[in-house]
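**Student:** Here it is: the structure, laid out below.
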Amino acid sequence: MKNIVILTGAGISAESGLKTFRDSDGLWEGYNIEDVATPEAWEHNPVRVQQFYNERRKSVLEAKPNAAHYALAALEEKYTVTIITQNIDDLHERAGSTNVVHLHGIITRSQSSVKPELTYPIDGWEIKMGELCELGSQLRAHVVWFGEPVPMIEHAAAICVGADVFMLVGSSLAVYPAAGLIGYVDREVPKYIIDPNIPSVNVKGPVIKIQEKATVGVPALVNELLKD
Ligand code: NAD
């Protein structure tokens, strides 16, 4: 079976009601990124950071996968599919995709604030201040903040090297190192980009630009790929 690798960003979940942050005002749900998504923010005001991610978790739990998430899950009928997502929501999994790499973590789990490898399921939508990991440190959301290492990046790069078909859906490619992954895909491999605002990419070989919303562009492309 051919290997399809799909890199997704916040745009694929936009039509599920989860806001992207670069589309409108450079804020994420009204917050400056530096105030809620950095190690410095956690050090300075852990209560605000915890509350911000608790609110995001609540929205994620209320959201439902959309036609784009479901279409990507259907690709598994005919292909070996790996989704590399920058998203911290779990909508790919809930749509039925079985092989999802979360580059920036997943908001439905908590992690130790001193040892990121220690992660736990969360009961409900909230991590409370005072809830501790097994080492006795405060639990925080299992997400990668700006300025933190991205532990899955080498694994993701190796997956991109093995792609026979590559897709990019709903990402501005403004966040590194994720944005560099497309550079690992072989030059001969077709690279489909689905986004109402196609980001600029500096790669050689075939790039097919589909300037559509995810719920329109992804199911149409998946239909074509399932015919092959
Ligand atoms: P981004 O906000 O930088 O860019 C969003 C992209 O989605 C843009 O290119 C935009 O044109 C496109 N888009 C908007 N509506 C779309 C639609 N209906 N269909 C398809 N594309 C659409 O997002 P990014 O590149 O993923 O980087 C943002 C970072 O923020 C990520 O690292 C991610 O962890 C985090 N984030 C995650 C979520 C989530 O988990 N759902 C939401 C917001 C931000």
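Placement of Cβ uses the backbone N, Cα and C atoms for every residue, glycine included.
According to TrEMBL, the record shows the following:
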DOMAIN    1-228  domain 'Deacetylase sirtuin-type'
BINDING   9-28, 86-89, 170-172, Ala214  NAD(+) binding site
BINDING   Tyr53, Arg56  substrate binding site
ACT_SITE  His104  active site, proton acceptor
**Student:** Do you know which of the binding-site residues Ser13, Gly17, Tyr53, Arg56 end up with C-beta under 6 Å from ligand 1?
**Tutor:** Ser13
**Student:** Any idea what DSSP makes of Gly170 (NAD(+) binding site), helix, strand or coil?
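**Tutor:** Where Gly170 (NAD(+) binding site) sits, the three-state DSSP reduction gives coil.
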**Student:** If I take the Cα of Gly17 (NAD(+) binding site) as reference, which of the recorded positions Tyr53, Arg56, His104 has the closest Cα?
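**Tutor:** Smallest Cα separation from Gly17 (NAD(+) binding site) among Tyr53, Arg56, His104: Arg56.
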**Student:** Across all the protein chains here, work out how many other Cβ atoms are within 10 Å of the Cβ of Arg56 (substrate binding site).
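**Tutor:** A count of 21.
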**Student:** I need the least crowded one of these binding-site residues (Ser13, Gln86), counting other C-beta atoms within 10 angstroms of each C-beta.
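**Tutor:** Sparsest of the binding-site residues Ser13, Gln86 by Cβ contacts within 10 Å: Gln86.
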**Student:** Using Cα coordinates, what distance in whole Å links Ser13 (NAD(+) binding site) and Arg56 (substrate binding site)?
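**Tutor:** With the alpha carbons as reference points, the distance is 13 Å.
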**Student:** Counting other Cβ atoms within 10 Å of each residue's Cβ, which of the binding-site residues Phe21, Tyr53 comes out lowest?
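**Tutor:** Lowest Cβ count within 10 Å among the binding-site residues (Phe21, Tyr53) is Phe21.
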**Student:** Since the record lists Gly9, Gly17, Gly170 as binding-site residues, which of them has the fewest other Cβ atoms within 10 Å of its Cβ?
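**Tutor:** The binding-site residues Gly9, Gly17, Gly170 were compared, and Gly17 has the fewest Cβ atoms within 10 Å.
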**Student:** The domain 'Deacetylase sirtuin-type' (1-228): mean pLDDT?
**Tutor:** 95
